[in-house]
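Straight from TrEMBL, the features:
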REGION    1-21  region 'Disordered'
TRANSMEM  53-73  transmembrane segment
TRANSMEM  85-106  transmembrane segment
DOMAIN    162-286  domain 'Palmitoyltransferase DHHC'
TRANSMEM  206-229  transmembrane segment
TRANSMEM  249-276  transmembrane segment
Amino acid sequence: MYSPPPSSTSTRCDSKEKMNNTNGSQLRVYQIWQGRNRFYLGGRLVFGPDIRALFLTLFLILFPVALFCTFVSRELINAFPHRVGYLIMAISLLFSVFIVVLLLLTSGTNPGIVPRNAHPPDADDECDTSSISTSCLGSQTGPVSLPPMKNVTVNGIVVKVKYCKTCMLYRPPRCSHCSICDNCIERFDHHCPWVGQCIGKRNYRYFFMFVSSTNLLSLYVFAFCWVNIKKIMDAHHCNIWSAFFKSPASGILILYTFVVSWFLGGLTAFHLYLIITNQTTYENYRYRYERKMNPFNLGCARNFKEIFCTGVPSSRIDFRAHVKVDRSLSFNTLSYLGGATTNSDMHKTKNFDEEVGRRQDVDECKETDSRIKTIGGGVDRCEK
């Protein structure tokens, strides 16, 4: 009786099939996301594409604090009785840790990314058939196109919302598409280069607290550097220039924190104005609500409460959710996740094709095994 020897092909088929099943079960949304975001800790942290700016910001915050604690605070410890100098240094360190946490929350939080559509919305649903226009119907021979804008009502006021061709959806009110992150962001304020992330509905509170707290830390260091200079002048009976010569770190930090405080103080005051009037930086620059009524303004108290006294809205995208990738649906999946239009998108599309190719290899291996078994059965019948 003929029995074919165990083929290494079937072994390869089994291993490939196990590998495909394992890879398929580990695919999550963040692993195939087509935007320009960077993800860490299994998709729990969502950073922007320019994450290197985050390290520059950390250096600009922590290096002056290190100078203050190393040189200025040491002199204040000797100058103040009852260990008051240690308290001054401890406050600066705790303040710095608080600011770093706010920076990471601002930069690593999903700012309010709006999920993309796999297909454009139905033109029949979006177009008003009672008022036919060329923007809706296009040419007589061409395909039906969607109007670039449509009207929605917000607090009794009509607001125009734009259609996003990249995300294939009508943007919600106050939403805008960030060209750097390549995402539509709810309540888009701006893309901040210092934190490397968009500022939107879900991280604006962290951003404002980060800016205002950094400004307070800068003023704190500025004030105690002057205190140190005054202590040196009193102890050595010298003028201010001699005091700066005896403590150059104090002079450097006074100059640095003076410039930083002007910048951060102005930014804090500007965003306080935006919070009180319920505007975003983008709206203030683009629409100029002082010339017309702001439909989102609820009054000073309610505007302030909306930012600081409400919970952070839940994300509209679960980046840790599992996704199934099929060859027939891979393009639609990519379209939903961002549209394969860039080089990185094409690279990820290639990864999908390789994944599908491995599945085809498994099918071919199974077909080869069935043919071997058929041949083996025929030989067995001949021997009988």
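Each residue, glycine too, has its Cβ placed from N, Cα and C.
Those TrEMBL annotations? Automatic predictions, nothing curated.
Note that the structure is a prediction, hence the values are computed from the model and not measured.
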In DSSP terms, the domain 'Palmitoyltransferase DHHC' (162-286) comprises 76 helix, 17 strand, 32 coil
What residues in the same chain, six or more past the boundaries of the transmembrane segment (206-229), come closer than 8 Å to it by Cβ-Cβ distance? 61, 64-65, 68, 72, 75-76, 79, 88, 91-92, 95-96, 98-99, 102-103, 105-106, 109, 189, 192, 195, 199, 240, 243-244, 247, 250-251, 253-254, 257-258, 260-261, 264-265, 267-268, 271, 275, 307
Suppose you look only at the domain 'Palmitoyltransferase DHHC' (162-286); what would the mean pLDDT be? 95
